[in-house]
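Enquirer: Shown below is the structure under consideration.
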Amino acid sequence: MAAANNDDDVERQQLHPEPQAAEAEKPRPTTVQRGGLHPIFYILAWIFFSNLTILFNKWMIDGRGFTVILTCWHLVFATVATQILARTTHLLDGRKNIKMTGRIYLRAIVPIGLLYSASLVCSNMVYLYLSVAFIQMLKAAAPVAVLLTAWAWGVEEPSLKRFLNILFIVAGVGLASLGEINFSMAGFLFQVGGIVFEAMRLIMIQVLLSGEDMKMDPLVSLYYYAPVCAVMNVIVAIGSEANRFDFGDVGRAGAGLLVLNAMVAFMLNVSSVFLVSQYPPLTVQHKDTNNHVKIGKTSGLVMTLTGILKNILLVIISVMIWKTNITAIQFVGYAIATAGLAYYSLGWEQTVAISVGVWVYAKSLWERVAGSYSPLSQGEGGGSQEGAGRLPAAVKRALIMGLVVVTVVVLVAGFLYGSGGPATGPVSKEVEEIGQGA
């Protein structure tokens, strides 16, 4: 769980960039070096570990309980793991560029860590009351909290255009909430609390750690914040779950599963580092929204779309596994909120450019498929008919991949529904990833 909000941090580097960022440096080429891995590998790894962490944690909590204590375990594991990596690898060499002193640690890291811990507690407690699918819908409102907090702290100038944009997102989330069958006010308030605490944490990072010598990647952030969060979560656990816990619960949960669970959550942080830190971060100014966007291994556009795709996939997978009921009103509301989030992140110019690009690609693909069956494609005057009636190689590959994906989904769905699926009540106990620092 110590990786819970880490994927959110990666997304928010694109969705909620730092208003006071320095001027853009000259961009470095983002082409993959020979012998290196393609950026799609890092994207898929991030999506995989992000969603796997949530699903794995949900399964652990459903069968074994103790949400806050499991959170403490993840943070303790992250603390030990980052200390070991700092001494044995180069993954945390970025910390050497940070001018950390005792005064800065007490005045910045500790308060930010306390807010982070509060965000984690709220964000994990909500899974005792609401389904994964509905929680992902509520998370679409996170940019609203960040923007309002930025306005309140004076780190960003209020804008009527952006205010109307976030109202569109709020309307979609509200509609999705109205359509929720198993709505819980306690769960809703926990989620709102988690979003607000996380928004305050992000703004405090901008205010207190804004210097160029304080820039941290996800793993370095975890190196500094995990100990503070672990101590805070221990205090919360003593007051909430310690009286019901005994060490026999560890044996019943399985020590091996607990270690594997913590490793999966920690790998989310590692995958985030390789995703956003392969190249030095570049800050550019968006022409339409006047936002500053950080670009790392992949562009801000790709990261934004990847984050939205990741959340949609998680909603679909959770519905399949736990058979969550999604109403038509929820579907429409989530679609509205997602569209508003995409526009908020990309701006009008990029949204139009993407739409035009998709249309042009779809049209050219259709013409290639249709042209392969045209009599003209067989050559004039009874010439060679080699290749006539055959689909282009790219189309063949796309069809084969699509067929494989559909087959796997059908088989998994059939297995889950045929075996009755996991035992769950009307309200799922689902736990959030806990994360270092997305």
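Backbone N, Cα and C atoms are what each Cβ position is placed from, and that goes for glycine too.
The compositional bias 'Acidic residues' feature in TrEMBL is assigned to 1-10. Look at TrEMBL and you will find 1-31 tagged as region 'Disordered'. As annotated by TrEMBL, transmembrane segment applies to 40-60, 66-84, 104-121, 127-151, 163-182, 188-209, 221-238, 258-279, 300-322, 328-346, 398-418. Per TrEMBL, the feature domain 'Sugar phosphate transporter' maps to 41-345.
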Enquirer: Please report, as numbers and ranges, the same-chain residues at least 6 past the borders of the transmembrane segment (188-209) whose CB is under 8 Å from any CB of it.
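Expert: Residues 5, 8, 12, 16, 18-20, 107-108, 111-112, 115-116, 118-123, 125-126, 129-130, 135, 138-139, 141-142, 145-146, 148-150, 153, 155, 177, 216.
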Enquirer: Can you work out whether the transmembrane segment (104-121) touches the transmembrane segment (221-238), with the criterion being 3+ CB pairs under 8 Å where the paired residues are 6 or more apart along the chain?
Expert: yes
Enquirer: What stretch, picked from 66-84, 127-151, 163-182, 300-322, has the most CB pairs under 8 A with the transmembrane segment (40-60)?
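Expert: Most contacts with the transmembrane segment (40-60): 300-322.
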Enquirer: How does the model score the domain 'Sugar phosphate transporter' (41-345) in terms of mean pLDDT?
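Expert: Mean pLDDT, the domain 'Sugar phosphate transporter' (41-345): 85.
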Enquirer: Near the transmembrane segment (163-182), which same-chain residues lie under 8 Å Cβ to Cβ, leaving out any that are not at least 6 residues past its ends?
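Expert: Result: 130-131, 134, 137-138, 140-141, 143-144, 147-148, 188, 325, 327-341, 343-344, 426-427.
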Enquirer: Cβ under 8 Å to the transmembrane segment (127-151), counting only same-chain residues 6 or more beyond its ends: which ones?
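Expert: Counting only partners 6 or more residues beyond its ends, the transmembrane segment (127-151) has Cβ contacts under 8 Å with 8, 12, 15-16, 19, 54-55, 58, 61, 67, 157-158, 162, 166, 169-170, 172-173, 176-177, 180, 182-184, 186-188, 190-191, 195-196, 198-200, 202-203, 206, 311, 314-315, 318-319, 322, 324, 326, 330, 333-334, 337-338, 340-341, 344-345, 427-432.
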